[in-house]
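Record features (TrEMBL):
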REGION    1-29  region 'Disordered'
COMPBIAS  1-26  compositional bias 'Polar residues'
DOMAIN    57-133  domain 'Cytochrome b5 heme-binding'
DOMAIN    164-255  domain 'CS'
DOMAIN    272-382  domain 'FAD-binding FR-type'
Amino acid sequence: MLNVPTQSFPAPSSQQRVAPSGQSGRNKVALKPGHSLMDWIRYSKSGKDLTGLKGRLIEVTQEELEKHNTRGDCWTCIRGMVYNVTAYMEYHPGGEEELMKAAGADGTELFDQVHRWVNYESMLKECLVGRMATKITTAMKAIISPSPAGLATPASLAPPQDKDSRPRYDWFQTEGSVHLVIYAKRKIPSSGCTTADLQAGVLRLEVLLGKMSYLLHLCLAGEIDGNVSVHSAHTVGKIQVSIRKQSKGSWARLGQPLESHNTFVRKKDRALFYRECVLVSKTEVNYNTNVFRFKFPRGSVMHVPVGQHVYLKANIQDTEVVRAYTAVDQHLISASGNSSQESDLYLMIKIYPDGIFTPYLHSLQIGDHMSVSGPDGTFSLRRLLDGTNLYLLAAGTGFTPMVRLIRLVLEDTETVREAKLLFFNRREEDILLHHELHQLAANNPRFQVEHVLSEPCGSWSGRRGRVDESMLKDFITPEDSKRYVCVCGPKAFTELTMGLLKQLGYGEEELHAFQG
């Protein structure tokens, strides 16, 4: 709920990308003319009373919230704040149905499941009714009682953990440097799982381990030079973070713990953290798609795990707008499989002239700044690496998460014997990395690519049409292999493809649909 239109990120769970099967493109739930995001921004700032309370803020009881549960009178609660979203119904790109799921109820969990990154406070500030009234029960008193341990994680955020499986850290120092060592107590992805940010003497270090997030957050005890390096031993699950001291000497302690220090919680319960990155280049991929290269600030090192995405955030016409994009590699295949730990961030993004965010992004000049979040996403490499045959089904910009999967399989993985890509587009000029894909297939017997066009020119000799059962049967073979199938594209494409695969007997453990 409360979504804003995603433009280039493949988010099949979001209704604003509904499109005919096999097509790519920026399609949304049909909205009335004059009901775009910018129209909503103008309307919300027009001075109209959107709450029905003439500017008053009230305390809302549970009984009162439940009364406002219809299309013409819809209130919802997010993180203890109640909003009258009645006026927003016709502007919501996800459609009325999505908003109505939380009508007259607490929509926090639903909101977090779909797009916890959206700045609803900015978009709906003129719709704010007030705060939910709370009843302090005996159980609640127990939860909010001061903890004698100081920086303990709230019980609502920290699921029970096996003490032996919880990561831990230690530190040591030399005369000129200080080092933190994190023991993940499990194997960690070779593509990286660590984000380090060192600004003004404050170190924030986050390690993503499956669905969990381990965080160290410290104000360091001494002055440092501002650079940080991260080295990982993937097979033993050891991560070392090294920082140079400003002057030689011995520290009596590492530093002062800050909020959420040494906590291990579900990743979705951890607030996103943004850092200001610099645009260093824009490279054309085809007539409407560019690769944007962003450089992290001094003191930041970020590894984006394969199959995950980041969020870009910008203030457009006094409204905070956020979009999600999948990280890609600089090249589809490089001469060396080893990438620098200080690698820049590469995002392959399609520009929509009638959009909100991508025209703004395209207008940025080299040297301009962009707020970039840490990694997010649910993709796990474990099931992919357990298979022997990888099948990738992509439509349009749904190809972006496939880029790093292809590179990982061909450069770093020997267990996968075959990787095949079935790539759906409208026209030949829409195919991303067309030449590079065919060159890769020609040079690597483990990789095959086939293209399917829904609007081909007369000279096109490849596949035509849209995804169907016979096409999938022909593409995915053999049946007795340990197969893994990844699907990404507009919602209609993803839903139809996943449905067809399940009808053909594929189990949940063999399938992954990329979500935003």
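Don't overthink the numbers, they just go from 1 along the chain as shown.
Positions of Cβ are set from backbone N, Cα and C atoms, glycine also.
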Exercise for review: Using DSSP, break the domain 'Cytochrome b5 heme-binding' (57-133) down into helix, strand and coil residues and give each count.
Suggested key: 29 helix, 22 strand, 26 coil
Revision key, fill the gap. DSSP tally for the domain 'FAD-binding FR-type' (272-382), helix/strand/coil in that order, comes to 9 helix, 53 strand, 49 coil
Practice item. Taking helix as H, G and I and strand as E and B in DSSP, count the residues of the domain 'CS' (164-255) in helix, strand and coil. Key: 2 helix, 55 strand, 35 coil
Check your understanding: Per-residue pLDDT averaged over the domain 'CS' (164-255) comes to what?
Key -> 93
